Amino acid sequence: MAEQKGPSLKEQLWDPVAGFGVTFRTMFRKVVTEQYPKEKLPTAPRFHGRHQLNRWPDGLEKCIGCELCAWACPADAIYVEGAENSKDPDGSGRFSPGERYGRVYQINYLRCILCGLCIEACPTRALTMTNEYELADDSRSSLIYEKSDLLAPLLPGMEQPPHPMLLGDDDQDYYRGDFKPTDPAAPAGPTAPPTAQGKETLA
Ligand code: SF4
Ligand code: SF4
């Protein structure tokens, strides 16, 4: 029977030292750990975070309640109920410039995978995604965001709907951008800058 050899001198002396060498080398390297949540680093500009329902520069909602976003969602995370805008002759009962608006709008963040397919499907750019990523909660119900949670804030120059269309005579003017911007420095029409829509990422 062959005699079994013990560890060589190199294995006994050098290998443990070499192992500590990795430790010592790493100790003097720049730390890459992010100190979240004490320090919050900005995301990439096109990061897909919480959704936002945008407004026209007069405050009317861009959402027309068409439900295309809900049909496009692979996780069945969006629920929309559209309704007719009021047919008051003076247009004072409007929420959007179209025939309809999104009366109920919910996104279930327990299901949402932040893929962005819904914002691609939206025909009016009503739905976009912000860079906000803090969506954790300890309550299931609070992770179902309602329309009031998702609507962009009213900025200076905007009025809380319902109200008549203030930028053009009809919905065609809105969609073609055939109106004057409320802020003269801003370009007219649907390409109005994010300042008119709140923080958003047009992914
Ligand atoms: S980001 Fe994706 S999963 Fe989330 S609501 Fe939109 S389509 Fe659905
Ligand atoms: S967000 Fe866009 S796609 Fe979804 S219902 Fe509103 S207009 Fe339609």
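Quick reminder: no glycine exception, Cβ is built from N, Cα and C everywhere.
In the predicted model, the domain '4Fe-4S ferredoxin-type' (53-83) has a mean pLDDT of 97. What TrEMBL records for 53-83 (among others) is domain '4Fe-4S ferredoxin-type'.
The Cβ of Cys66 ([4Fe-4S] cluster 1 binding site) has 18 other Cβ atoms within 10 Å, all protein chains considered. What TrEMBL records for Cys63, Cys66, Cys69, Cys122 is [4Fe-4S] cluster 1 binding site.
Annotation note: Cys118 ([4Fe-4S] cluster 2 binding site) sits in a helical segment as assigned by DSSP. Around Cys118 ([4Fe-4S] cluster 2 binding site), the C-beta neighbours below 8 angstroms that are at least 6 residues distant in the chain are His51, Cys69, Ala70, Ala72, Cys73, Ile78, Leu127. As annotated by TrEMBL, [4Fe-4S] cluster 2 binding site applies to Cys73, Cys112, Cys115, Cys118.
What TrEMBL lists as domain '4Fe-4S ferredoxin-type' is 103-132 (among others). Cβ atoms under 8 Å from those of the domain '4Fe-4S ferredoxin-type' (103-132) belong to residues 42-43, 45, 47-54, 61-66, 68-83, 140, 143-147, 150, 175, 190, 197-203 of the same chain, restricted to positions at least 6 beyond its ends.
The region 'Disordered' annotation in TrEMBL covers 160-203.
Among the binding-site residues listed (Cys115, Cys118, Cys122), Cys122 have a CB atom closer than 6 Å to some atom of ligand 2, in sequence order. Neighbours of the [4Fe-4S] cluster 2 site: apart from Cys73, Cys112, Cys115, Cys118, residues of the same chain with C-beta atoms within 8 angstroms of the site's C-beta centroid are Cys69, Ala72, Pro74, Ala75, Ala77, Ile78, Ile107, Ile113, Leu114, Gly116, Leu117. Contact annotation for binding-site residues (Cys63, Cys66, Cys73, Cys115, Cys122) versus ligand 1: Cys73, Cys115, each with CB under 6 Å from a ligand atom.
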